[in-house]
Amino acid sequence: MTTINPNSTTNFLFFKPISSSPKPEINKKKTRVKTLISCKKNNSEGAWEETKVGYVDYNKGKHKVSVQINGLRKDDLSKRFRLRIEGDKFQADWTISEVVNKILKVKHWKDIEGILNRWGGRFTRKNFPVLIKEMAKSGSLEHSVQVFNWMKNQKNYCARVDIYNMMIRLHARHNRTDQARGLFFEMQQWRCKPDAETYNALINVHGRAGQWRWAMNIMEDMLRAAIPPSRSTYNNLINACGSSGNWKEALKVCKKMTENGIGPDLVTHNIILSAYKNGRQYSKALSYFELIKGTNIRPDTITLNIVIHCLVKLEEYGKALDVFNSMRDKRAESNPDIVTFTTIIHAYSVCGQIENCKAVFNMMLAEGVKPNIVSYNTLIGAYAAHGMHKEALSSFNELKAYGFRPDVVSYTSLLNAYGRSQQPEKAREIFDMIKRNSWKPNLVSYNALIDAYGSEGLLAEAVGVLREMEGDGIQPNIVTICTLLAACSRCGQRVNIDSVLSAAESRGIELNTIACNSAIGSYINMGEYGKALDLYGFMREKKLRPDSVTFNVLISGFCKMGKYVDSLKFLDEMMALKVHLSKEGQLEGAESLFTMMKTNGCYPDVITYTAMLQAYNASESWEKAYALLEDMEMNDVQPDSIACSSLMKAFNGGGKPARVLLLAEFMRDKAIPFNDATFFEIISACSLLRDWRTIARVIERMEPSFSIVSIGLLNHLLHFLGKSGKIEIMMKLFFKIVAQGAQIDLGTYSVLLKNLLAAKNLRRYIEVLQWMEDGGIQPSHEMYRNISAVAWKHGDKASLAAINGKISAQAPR
């Protein structure tokens, strides 16, 4: 018998015992032997988990939070790689985060490959995508490219689409269009098929570079490759068109997106608003914003920042401040950020309220918003625009104390502050300081210094700066020429005006209307009327359209010389070209021309008076508008409907609404017809005076013409009645408007609902919602939510159930 050693390593599963009486071969059964395979448990499940690590330095008031990723390490590798790491003292078992930190600590031109070749995790290709992801998060393009090139030389490297996508996006962040395009072609050579994210990243990089046509071609290639575009694809393409100011193409892409069944989201709306802003279509942007408010998408901080910017550009500062205040009231929805505060500082600067600029800046600090270099530059620029050099210098020093390094904009703003305060020597010191601090002065810096010298009549020094500017390789522009022409006028040197114009021509700088106005004014100030006429003829020859400044300079200059016939010729040309001084904000020019007409025996008519009234309204000169009415009565000029509406606007704006009602009585006595504008001002006056009796008479007078009166006026009247608590009168008026066949829009229903909600009239509110649905106008989600809260508060379960049913029906499925 065979003995078995108990210490033997023989596998008993396959051990066959020896029997003394073996069975016959014929009776043996063939059996399949099962092999047991022992699998080692995978311990790499937690290798890709992100762990937050942070520290706090209470002494310095600093804190930092970072995300750490381990990746696959030595214990996760096969045995031969573990032995290789353990047998070489230069090999290190670092985590992926440690490798990234070590790479970022060295310069990109140094031995980055030496660090990577010591890393034990390089033996598994699973670490490569995570390594590239962490490098891309750091934002260092040069380091990431070095790591990517090293990775491609590894034997175990396998090209992946996600790695190329991350590298293309990183190049997009740094505006490296050609390199991103090269990676796109390279990945196809490595047999990686681009996916939707690849095309999105490529469209994004071309959009950042303003190459919207390239972006459109990439979109077409994407469709040819049978890859369906996503919302992100369309958003990138719309942004590519909008960032270059091509808002029309952006709208076409948005329309195509909607037609393909992909609805716009908040990001899409923000991109469209930004496209309007970049294309200087500020009114269109505000109209589009009104459409957004009618949807279920709530605007965020970015949306409202664009709206504030557009309002400031349209000089509607009051509305911009209203939006800003609403953002502060509703912080949970749209909290003001650094861009919001900076825009408001700029708005106050433009409208001349400098003390409010600093107040908003202090408010920003008090609310915990950290200022940046742009906000400081805006504040310094606000002081500089008004020649407040002490305040500008104080803000400049505060900027440095806060830890920021002043840039060329900071220095240029401070230079401009000294220039506008008649201190050209100080301005020159700041200019030299720009170069000493390793900044290169730009075109604006040189123009500001030329203006500083020119405003003091130091023409030689201004010309010297021009030569220095050209010596530094910066070519002058039309602003430089205008500044030099103004300096020539102050010095009274006609020869130099000719020299400046010749210099502009030799440098290929084409004169525009502003430059010609400056030169004409300079010639007239020196008595060179022939030269001024020649330059005016040059403008007509070059088809440069004269503006109100051109005619104001010519008419006032020739009047001073007693050449009234020539002045009247210019006046006729101005009228023929339809150039209106009052509409271009030239109040002084309009007043001068108006006075000249009366002095020369040319008595103004009602159209002239109306134009002057509009000019006074635009400049908020209410007292002058009152005086103009007395002047009209003295000259027996009866105002018409337009003149009366302008006067009423002046009375309301000047805080004298009682005069509006007196003027309305005057119009009725003189049988002057009422128009929408006069009715609007009368309603506004009654609202200020709380005169319900007059409102009743106004309604009686308007009632026969409800069908032709503008819906905006009717909405204003309904809003006034509802705001005054006259809910029943408001509803009766609404029924009369409907009975006369007037066109009712969403705005009318919104006015009704808003006032019914304020009066907590649930029954009427629900009825109006039903009328809207019957009229084919779908109530918004917010209209139902508003009344739902009121119904719940009052315990009206029946109304609450009906409202919740409507909300559920509106919810997307």
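Even glycines carry a Cβ here, placed using N, Cα and C.
Bear in mind that TrEMBL entries carry predicted annotations, made automatically and left uncurated.
Feature annotations, reproduced from TrEMBL:
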type	residues	note
REPEAT	160-194	repeat 'PPR'
REPEAT	195-229	repeat 'PPR'
REPEAT	230-264	repeat 'PPR'
REPEAT	265-299	repeat 'PPR'
REPEAT	337-371	repeat 'PPR'
REPEAT	372-406	repeat 'PPR'
REPEAT	407-441	repeat 'PPR'
REPEAT	442-476	repeat 'PPR'
REPEAT	512-546	repeat 'PPR'
REPEAT	547-581	repeat 'PPR'
REPEAT	605-639	repeat 'PPR'
REPEAT	745-779	repeat 'PPR'
Handout entry: Tertiary contacts of the repeat 'PPR' (195-229), as residues 6+ beyond its ends and Cβ separation under 8 Å
Key = 161-162, 164-165, 168-169, 171-172, 175-177, 180-181, 184, 187, 236-237, 239-241, 243-244, 246, 249, 260, 262
Exercise for the section: Could you put numbers on the helix, strand and coil content of the repeat 'PPR' (160-194), residue by residue per DSSP? Expected result: 26 helix, 0 strand, 9 coil
Exercise for the section: May I ask for the residues of the chain that lie six or more residues beyond the repeat 'PPR' (337-371) and have a Cβ under 8 Å from a Cβ within it? Expected result: 301, 304-305, 308-309, 312, 315, 317, 320-321, 324, 327, 378-379, 381-383, 385-386, 388, 391, 402
Problem - Folded-back contacts onto the repeat 'PPR' (407-441), same chain, C-beta under 8 angstroms, at least six residues removed - result: 373, 376-377, 380-381, 383-389, 392-393, 396, 399, 448-449, 451-453, 455-456, 458, 461, 472, 474
Fill in the blank from the handout: Here the mean pLDDT of the repeat 'PPR' (195-229) is 90
